[in-house]
Each structure stands twice: as C-alpha cells, then as structure tokens.
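Chemist: Dumping the structure here so I can ask a few things about it.
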Amino acid sequence: MTDLATPSKVTFAEPPSSPDRRVRRTGTAARRVRSAVTSALKHAGLVLFGFVMLYPLLWMLASSIKPNALIFREPGLIPSDVDLSNYTDGWSALLHPFSRYLINSAIVVLGCVLGNLVSCSLAAYAFARLRFRGRNFWFAIMLMTIMLPIHVIIVPQYVMFSRLEWINTFLPLIVPKLLATDAFFIFLMVQFFRGIPRELDEAARIDGAGHVRIYWQIMMPLALPALATTAIFTFIWAWNDFFSQLIFLTKPDMYTVPIALRTFVDSTGESSWGALFAMSIVSLIPVFLVFLFGQKYLVKGIATTGIK
Amino acid sequence: MRTSITQRGRRGAAVAAGAAATALILSACGGDSGVGGTGDVEAQECPCEIRFSWWGSDERHAATQEIIDAFEAENPDITVVPDFTDWDGYWNKLSTTVAAGDTPDVMTQEERYVSDYATRGVLADLGELDIDTTKIDQSILAGGQIDGTQYALPTGINAYAIVANPAVFEEAGVEIPDDTSWTWEEYVDVANKVSEGAGEGVWGTQDYGFNEAGLNILARQKGESLWTPEGELGVSEETVAEFFQTSLDLMSGGGQPDATRTIEYQHAGPEGSLVGTNVGGMASFWSNQLGALSEASGEDIQLLRYPGETEFERTGMYYKPAMFYSVSATTEYPDAAAKFVDFLLNSEEAARINLTDRGLPANTDMREVIADDLTDADKQVADFMADLGDEIVDASPVPPNGSAEMQDIMERVNTEVIFERITPEEAATMFMEEVNAAIAG
Amino acid sequence: MSSVIQEVASTRRAASERRKGDGRMAALFLAPWFAGLFLITAGPMAASLYLSFTDYDLLTAPAWVGFDNYVRMFEDPRLLTSLQVTFTYVFVSVPLQLAAALALALVLDKGMRGLALYRSVYYLPSLLGGSVAIAILWRQIFGADGLVNQVLALVGIEGTGWVSHPDHALNTLIILNVWTFGAPMVIFLAGLRQIPRMYYEAASIDGAGPIRQFWSITVPMLTPIVFFNLVLQLINAFQNFTQAFVVSGGNGGPADSTLLYTLYLYRKGFADLDMGYASAMAWFLLLIIGGMTLVNFLASKYWVHYDD
C-alpha cells in the first residue's frame, strides 16, 4: 500500500475530465505522492540505520573470508584477498566436525524452549489469574531468584549436579527450565496475561470452563506473542550461553557451539581468528533463521485472532 | 481450610527438600580436597578412565588428542578423556570442579596458580609417583617445587624476550642492535630512531609495562628478583620506578605510541600487536609466541635478549616453565596418571606431535628429537634458548599464593602511568602496596 | 511489589467472590515452579548466602568468619569504584536503550514492506552481543584509528582512542548496551500487538484521531510492558558481565574504568580465589537490585495501567 509507483501510474491512466474533478484528483495524487515520499524517507532512514546495526555482521563476514594474517593488518570491510579456507578449516579444526557442536546446541536449546514454554506459562497463569495465600510473597521470591549473579551460584550448582551425576549430560541445562527456574519468562508472561481482558475468562467460566481449560483454550492462544517472545529469547540465550555450558559439559563430544567457539582463541598463545569468525557466522545462521521465521508469531496476538 | 492445611504440608516438605539440598551442597564444597596429599584415596587398578585438562586454541587441542591416541594405543587399559577450553574458562572450570571434588586426574598448571593449588592440597606429590625426571633440565625442575616437594613438572621452557621486526627496522634505516651488549639507554634510543625513521603510524617499540616478566628481568639484572624464594616481593621500589620511567621516556621520545594506542595494541594479542601488523620495530613477548608473530606479520621476526644484560650486576634473562603437568591428590588412578605424565614428558611420540607448543621441551633429549621437525621460527627459538643456557644465573623462584593478581595489578598501575595520572615513583609505591596485599591473602 | 497484586485483588474482588478455592489450583499450576525453586534454585542460593560468611578459596573447605567479608567490602576502594562505574552504566544505558527500543518498535509496528527483515536486522546486534569478536570489532570502531575517528577527521575533529581511554571507555560500553536494544524492542512489539483492536475501533467511532488514540490507548495499554522492560533491563544491567568482560579483555580496564560490579565479583571469585568475598558481594548486589525493584513496583501504582 506504500508502493512508490502507484501515484504516477494513476495519473497516466487518468482520462480527461472536468476541471472540478481534476482538482479533486490532483489533491488525492498529491497526498499519495506525499505519503510515498514519507514512506521512501522512512525506508531510507531504516535502511541507513540498518546498516549501522549490520556493520558488525558485515565486518565479521568480511573478516571470515580473509586469510588469518590479514585480519589485523587490513581491518577494513573490503577484503583484498578472499580465502574460504577459514570455513573448511574451522569446520574440522576441533576434535569433532562442527556439526556435532551444532547438534548438541540444538538439543539443549530445544529442551530449554519446550521447558520454558510449558513451565513458565503455568506459573504465570497462577500469578496472573489465581487468588491464593502468599501470592505476593512467592512473587517476590520469584523475582529474587534472578537477582543473584550466576557466578556465585554456579559452584554450588555444580556440586549439586555432580552429586546427582548429571555432569557432562544435558540435564543440568534442561531440567531447570522444565521446572520454571527462568523467572524472567514467568514475569514476562504474567505481564502479558494481565493484558488479556478478564471478560474473556469470565465468559468462559459462565460456560462452565475450569482453570485448566481457560489456561489452555483462552490464555495460551491469546498470549501467542508472549509465547513467541519466550521461545525466541530462550532459543537465543541458550544458544549463546557460554558460562553454564562450559562448567557442566566436560567431554568434547558433548560440547556446544559457544564452548567450541571459545576454543579457537587462546590469549596466551596462538589464536585462529579467521576460523572463529567463520564458525561464528555459521552458528549465527540458525539463530537468525529462527528469528526471521519466528518473529511473525510475535505479531499474531489478540489483535489478529478472531476475538475482538 | 482443607486447602491451606495441605498447602502447609506441601510447603513444609518443599522447605525440607531445599534445606536438604543446601546441606548436601555445603558438605561437599571443597570437602573432597582436604589437605593431605595422595594418601587419603585408595588407589584403584586399571582398566580405567582418567581425565586430562588443558587450555589453548584449536591447534593445541588437535595435537593433544593425537598424543592421547598414541598413549592409548600403547596402554589399551587406560582411557584418557580430554577436557579443554580457553585460558579464562580453564581456570574457573578447574576451580569449580576442584570445589566439587571432581578434580581432573591430570591437569595443566601455570606458574601463577601452582602455589595456590599445591599448598591447598589439590596436587599430588609427584616424587611419590613413578615418573622419570632424570632427563628434565634440572634448573627448571625447581620451578615445580614448593617447599621441596615436586607438585608440578614443567612441560617446557619459554623466555621473555624482545622481538624485532627486520622489515620495519629496514624501512626506518636503523640497524638491529647487538643484543648481547645493548643497554637500556640504547633500547630507548633505538626505539626513538625507528619511530623517527619510519614515519607516521610506525613506532619503535610496544610498551612492556603490562607484564611483570620484564620487571623481573630488570630486577634480576640488579641483583634483586620479583619474588624471593620465601615467597615475598623481592624487587625494590627504586627498580619498579625505573621500570615505569623507561616507558614514559619512550612515550615522550616518540619511540612508543600514545597511551590509548598502547592499550589497544596490548589487547590485540600477538596477532594484532605492533610487530605482528608490521607497524612496530620491537615488542616484548614470550619466546613461544614467535611463531604467531611471524605468521601474522609475514616477516622473519627475530628474538633479542632484553637490554641491560651486561649493564648491571648480572644477567636477568631466565627460563620460565611454560606450563606444568600436575596430578590430582585425590585421583583414584595415580599410577595411570603417572604413566600418562611420563608419556607426555619422555616419549618421542608425544614430543614429535607437541613440538614447541608447550614451550621448548623440558626434557633435553626431546629437544634433539624434534630439532629437525621445527619450523624456521621454532628453530630460532631453540637456538636462542640454547645460547641463553650459559648466561642464565639461576631460576626465578615460584611465585607465591595470590600472585595470580599480579597481572591485574601490573595492568592497572601501568595504565595510570602511561596516562600520566601518577608518577613512576607513585606507581612504584602503589605497586608494592597492592602486591603485598595480594600475597598476604 | 505487593501493590501490583493488591491492585488486582481489589479491583476484581467482586468477580473473584466465586473463586475462593484457588489455592489448590494454584498449587497445581505452580507445582513445576515450586519444585524448581526448592530442588534447584534454593539450595545453591542458600549455599552462596552461607559461603558469604566464610573464607572460601574453592580449593579447601570454607571456614566461618562471620561478617568479615561484609566488613571488608566497606574498606575496599575498588569495590567503591565498581559501584560508581555500575551505577553510571545502569542509569545512563537503560533509559537510552529502552527509548531506542520503544521508538523502533513504534516505527516497525506499522504495516509496511520488509518489516520482518528490518525487525530481524535490528535484532542482529543482540545476537552478537557477547561474542569474542566484539572485542576486536569495538576496537576497530572506537579505537584511536577506528571508524569513528575517521569520520570525525572528515569534519576536522581529532578524536582519541575512545575504547582505551579511561575517561571514555565506559561510554563505549554504554553504546554497546544501547546498540543491543533488540530484546526490549521485541517485547515492545509483542506488547503493541496485544492491544485489542476493538479499543481503537471504538475510539475511531468516537472520532478520536491517531494522536489521541496513541496517548489514550497505546500508551496506557503498553505501560505493563514498559514496566516489565524497565524492571528487567535494570536487573540485567546491574548484572551485566559478558560485554564488559569481552571488551576490556577480562579485567575492567583501562584503569578500572569499566569495572562493572559483576566483573569485579567474578575476578574476586575465580581469578583471586576469594569466593567467600564474591558471595558477599553478590548478596550485597541482591540488596541493591531488590531495593531498586521494590521502588519500581511501588512507583508503578501511579503509572502502570492494568486492564484486568
């Protein structure tokens, strides 16, 4: 609807007509031109801004196709020498082909996404829609759990998971998500659930629906943007999470992408920067695709479902 | 009412569960690694699985896996599980696993931490294990001893040295100085001349003030030393002030870039350093980084002795144990671990795969074994180290507990100096105070 | 934070008369969360609280020292530095980041071509945020010979090494944080889409123009999401670690100018093997963040609008 070509086409197609009609038509055309210009400006702005946002990625892409030695000597955007060996070398540089780390990361990430979607939405429903004793207290406790830096929690956690013999499995990374320990998402969904008009569940209650049905048949579909947000964020954060994966996974065949990427760089000796950039690009692709395709669900909320 | 009773019951059970979890965790924090050495865990027979941990980048990981494969082929009843990551990740992973009593059976150690781990009972007394150390350079064996006990065995040796980029010197029309006799004054002079001769955007040298090794060399030249054998700070305030003053002289004389560029080049590692990017004549690096520098610059970078070796009381250059191999005091398989360490240090196969990646081999026989396989840069390192052999007076003592903070302190103090927010004298006082506080606990 | 819940409770008392027995339902919905809280979160948290009263080097068993660690904190000049750095960082970067996120979300919410692509492109920096590559990239942009200075040179201004100067390094970190506005932007977008269309339709029928609709519908309906973003970004900013770690090379330099609180805590715990002190620092941080969050919740009564 903001097609740049439309106004001129309309003008050309115009048959000769009476003066007063023409005035009106010109008025419309002017408005169209104006809106086209605004739209073009807006796009220009967005593109320019997009370039600023994209620069780092372009730079990383450029660096990933430079020979290792040129990355620092010629830091500009246009490579003087193109060399794809960073990709082939990087793929097989570590003990396993890089696909192994991608698969491991995918397993962890899918487990986390599923866990967070189910467990956090259940907890959020209780906080947003149910009345029970100590609700304020538990809500405060919930927020408190995300206020301690991970660095002091990780050692006790390691000890605990070590006792359970969960070290070097994906369990310490996935099970906590199944048990709603990511309070961030509970809070997120509480805020969204509370934005859903209560008339809807009141109506359902009158029809005899219980909380389980309201949760499943009304809240979940209506909170699609919140669920999509949760899924996307969980995906990205788990995909990029270095610290806990480093600590809990000890054998190379269980390593995930972030750990694998770090092992290209050694501050005390030689680093394979080219391979690091190349594999970083490779590991960005799935995340970017998830975001690109997932983001349309962000906008399918109450606004686009049948209920109005 | 019924609801709240069941709820209370549930809550009680939940709180009990949480308390139980806490108690379990606390009982185990540091619990398994009580001081006492190898004695308190019963040794098990193989077939067995031992874990070997190290830090590094992809090439080291691949090479080490090859060594492990060679070892397993020779010892089919022992499986070695690799556990590797980058430098920063390594130390927080290692301390976390030690805290939980999951110490790797064989681990890589470093000068700055070995005392912390040894004195706290994490490392086994290697003298009690069957590892052949007769071929190891005796002067550096002491680097792994604390109070006379061998807790760690050096993998190889490095030396802290000046690296020079011949292309930059040529461009500037300056001769590379004779490193056996040059003085500190000449160093500043040469650097200033290179800056002048090479023109805009090229400098004589990169600041050495971020690493305590340079300070240690100066101190040793003056008959002092960074650390005393008793584990105290052994350098005088005057020497520290002089060390920082040189850096300021270089900045004002133009031999060294301004403060902000200095920091940027410092953070860029060997690959992004002045010498590595062909915009600087000299820099200070560990000898094992010569390969990375040569590769990044595309030039034949040369190793030079530190200036001042003949200027004061004695020479200051020294061999630094590149890394150490240590065995966990609580390993269930001390014999297998010992066998593996022995293989790493003394087998030709391991030496041929490892080459100089963990420093020039500590085992002197192995230096000959690998001599023909070395790259040009590594050959230069080997020759350089051999030449130093006769000049080095003694080993540098093992840094004490808390010395891991040294790096941080150097970086902070030096930054204050190069931005001229404090004088070299004030820097010396600050340095002494902070280091003493760090090693006091 | 009780106010939020009370508000819900009071506004909906009549409707909830019928639902006195929610406690049981709540227990059901919260079961996974309770399990996670007591089995996974509580133990390590309690352990870290205990450890904050001990001398604990990770390598040997902790030894009880009472309030020693907390007392030491008051005598630690670097802790004071890190608090100053952190407060500056938080109070400058969070408002800027949220403003950028909201502005972009409003622009991108309108139906226009290539929307999905723009959204994804603007989100990209957030995907890269913690990568090791950022360290090199930031030097390339904000270094003495970096992109910014090249642009400044065109207009005759001589810059400095922004990323490596103690007076400016923190600003580059703030820019980095603002630049990764993707997460709050996505949440804003989801929030905008969740506003029921019927409100706008009703307003149009009443003759309200787009500007009035924005102020009387969009803004109030979005306040829960603004509130959520504010609370969460504050909590996150106080705990920011990765970006400062990567850009400063791990030590908060130059001259402690980017020594964020959590970075200092990490160095104390893992590099200096002083986990007792690090734990005390963590609980002190929890007090700060908790206090800040409480103030936020109390203030929210005056500006956050809930529809339920």
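Every residue gets a Cβ built from N, Cα and C, even glycine.
Note: TrEMBL annotation is automatic and uncurated.
Residues annotated as domain 'ABC transmembrane type-1' in TrEMBL: A:102-294. Marked as region 'Disordered' by TrEMBL: A:1-27. According to TrEMBL, the feature transmembrane segment maps to A:40-62, A:101-125, A:137-158, A:170-193, A:214-239, A:273-293.
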Chemist: At a C-beta cut-off of under 8 Å, are there same-chain residues at least 6 beyond the transmembrane segment (A:170-193) that contact it? List them, or none.
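Modeler: Residues 104, 107-108, 111-112, 114-116, 118-125, 127-129, 142-143, 145-146, 157, 161, 164, 219, 223, 225-227, 229-230, 233-234, 238, 244-245, 248, 254 contact the transmembrane segment (A:170-193) from elsewhere in the chain.
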Chemist: The transmembrane segment (A:273-293): which same-chain residues, six or more beyond its ends, come within Cβ distance under 8 Å?
Modeler: 57, 60-61, 63-68, 71-72, 83, 85-87, 89-91, 93, 98, 102, 105-106, 232, 235-236, 239-240, 257, 260-261, 264-265
Chemist: Using a Cβ-Cβ cut-off of under 8 Å, list the residues of the same chain that are 6+ residues beyond the ends of the transmembrane segment (A:214-239) and lie near it.
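Modeler: For the transmembrane segment (A:214-239), the sequence-distant neighbours (Cβ-Cβ under 8 Å, at least 6 residues beyond its ends) are 105, 108-109, 112-113, 116-117, 120-122, 125, 129, 173, 177, 182, 185, 188-189, 191-193, 196, 200-201, 204-205, 257-258, 283, 286-287, 290-291, 294-295, 297-302, 305, 307.
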Chemist: Within the same chain, where does the transmembrane segment (A:101-125) have neighbours whose Cβ lies under 8 angstroms from its own Cβ atoms, ignoring anything closer than 6 residues to its ends? I mean 6 or more beyond.
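Modeler: For the transmembrane segment (A:101-125), the list is 94, 142, 170, 173-180, 182, 185-190, 192-193, 211, 215, 219-220, 223, 227, 230-231, 234-235, 238-239, 245, 254-260, 282-283, 286.
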Chemist: Going along the chain, which residues at least six beyond the ends of the transmembrane segment (A:40-62) come within the CB cut-off of under 8 Å?
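Modeler: Distant contacts of the transmembrane segment (A:40-62): 4, 76-79, 277, 280-281, 284.
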